[in-house]
Amino acid sequence: MSSPDTARGTGQETWYQRLLDAGVEENGIRPVPVEQRTKTRYSNLFTVFFTGLLCLLPIPTGMLATLSFGMSLRDSSLVILFFSMLTSIPPAFMGIGGLETGMRQLVQARYSFGRYLVTVPLILNAATVTGFSLLSSVVGGQTIAALNSDHVSVKVGIIITCLVSFAVSLLGFNAVHFWERWTWIPNLIALVVAVGIGGSSFHLQSDVRPSTVPQILSYGGLIAGYFITFGGIASDYSVYYRPQGVSKLKVFLYIYLGFLLPSVPLLILGAAIGGAVNNVPSWSAAYAVTGIGGVMCEMLAPAGGFGKFVLVLLALSVIGNIALSMYSVALNLQMLLPAFTKIPRFVFILLTICIMIPVGIKVAESWEASLGNFLAIIGYWAGCFDAVLIEELVVFRKMDYSSYDHAIWNVGRKLPPGIAALGASLVSMALVVPGMAEPWYTGPIAKTTGDIGFEMAFLVTALAYLPFRWAEIKLKGHL
């Protein structure tokens, strides 16, 4: 990382130097040497994810259980709890690697997918992370618009949300951690106040039949898509932490609980709102105009002006989530081509914002369908990716993080060719496709079981990677 002492040139300061002096992170995708991994406030590994997820985004995801899948609140809550506890394990485990290796998550992936074939998960991860940013910007935009829907549209709300988030993610690692360390406090207060004022209507749940196995597995796969994709970014936020003097279990628990503790209550809250929204006329009308932002506005309406203030806090709660996503997607874009490593990271953040605003406005036009399709589909590729990286570390590298040699991180001929990793992922598609259940396609297996695409992606990739990687090592002669 750059320091102000070394960031000045011999003559007049340039605009870039001024940014560095202001605290913008200069290091991008290069592995961080162990002597530069000096941070010891490991609790930040909890707050960076806890705050990022303690926002409005999980609420519409939870609403899908009762509103779209037709499950009861009780069944929805049980599915949310079980699948959240299970699918938070892989990304939390993968997050240990950033601290131990000093490498960003997709740099670690080069030691499985190779220098060049890693481009495939790189593009998919960048699209996924950008997608989460889009969803957060839409939720924030809907909430801002709900403050005065006659004069502020959802489009304007999305633009405001994106621009504020840009300022936080621009400064980099330290700014993101600082923001996430403290902003959970107003986020939590605002959410508690909203539930306290508007929760009296939660008992007005729609009558539904007991949930079927296809409903449970399909919504469980959607929850898996929500959590498992953090495997593509978890290490990005631990690369500057000192590996000595802290147990891997402690790091794992910080990250795991950072995912779990904010998400489960908010997903269940969303399920409660989704089950009641059609039975509360004011909620239903507001949801049709400004989505979850409108519902939260109606819940806070009895509080008058104070309720409007709380609604502003709720709109701002998504900034931490978007800042996390934009930080990681900028790193991903730097890895696409060798020449991109020379371009400052903030340029890619600006590019991402320019893409996000118009696409977010489009997504807002078909909100429920966009959210459900996105969360389901991203779980497929993320299941393959997580399976490969975990198996590479546990089986082939025997939990030896020192085998991720910094000297070869950018040397294609010394890294694995990546055929085993990509091949195993493609083989899994033979069962993923028949196990998919989407509005536009339902596979023959999914007609009986519901959507089990994620489960097939993870399990089949793990099974196929074993023989493929052994053969690759034998041919190459080394890892």
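Including glycine, each Cβ sits where the backbone N, Cα and C put it.
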Annotated stretch (transmembrane segment, per TrEMBL) among the listed ranges 185-204, 285-304: 185-204
Region pair the transmembrane segment (77-96) / the transmembrane segment (185-204), three or more CB pairs under 8 Å: no
Cβ pairs under 8 Å between the transmembrane segment (251-273) and the transmembrane segment (417-437), at least three: no
Cβ-Cβ under 8 Å with the transmembrane segment (417-437): same-chain residues at least 6 beyond its ends: 112-118, 120, 214, 218, 376, 380-381, 383-385, 387-388, 392, 443-447, 449-453, 455-457, 459-462, 464-465, 468-469, 471-472, 476
Two-stretch contact, the transmembrane segment (373-396) and the transmembrane segment (216-239), at least three Cβ pairs under 8 Å: yes
Positions on the same chain near the transmembrane segment (185-204), where near means CB under 8 A and six or more residues out: 51, 54-55, 266, 269, 272-273, 276, 279-280, 283, 296, 298-303, 307, 310, 313-314, 316-317, 320
Contact set, same chain, for the transmembrane segment (116-140): CB under 8 Å, 6 or more residues outside the stretch: 55-57, 59-60, 105-106, 109-110, 154, 157-158, 160-162, 165, 229, 232-233, 291-293, 315-319, 321-322, 325-326, 328-329, 332-333, 335-336, 352, 355-357, 359-360, 363-364, 367, 370-371, 374, 378, 381-382, 385, 412, 417-419, 421-422
Top Cβ-contact partner of the transmembrane segment (309-331) among 45-71, 152-173, 216-239 (pairs under 8 Å): 152-173
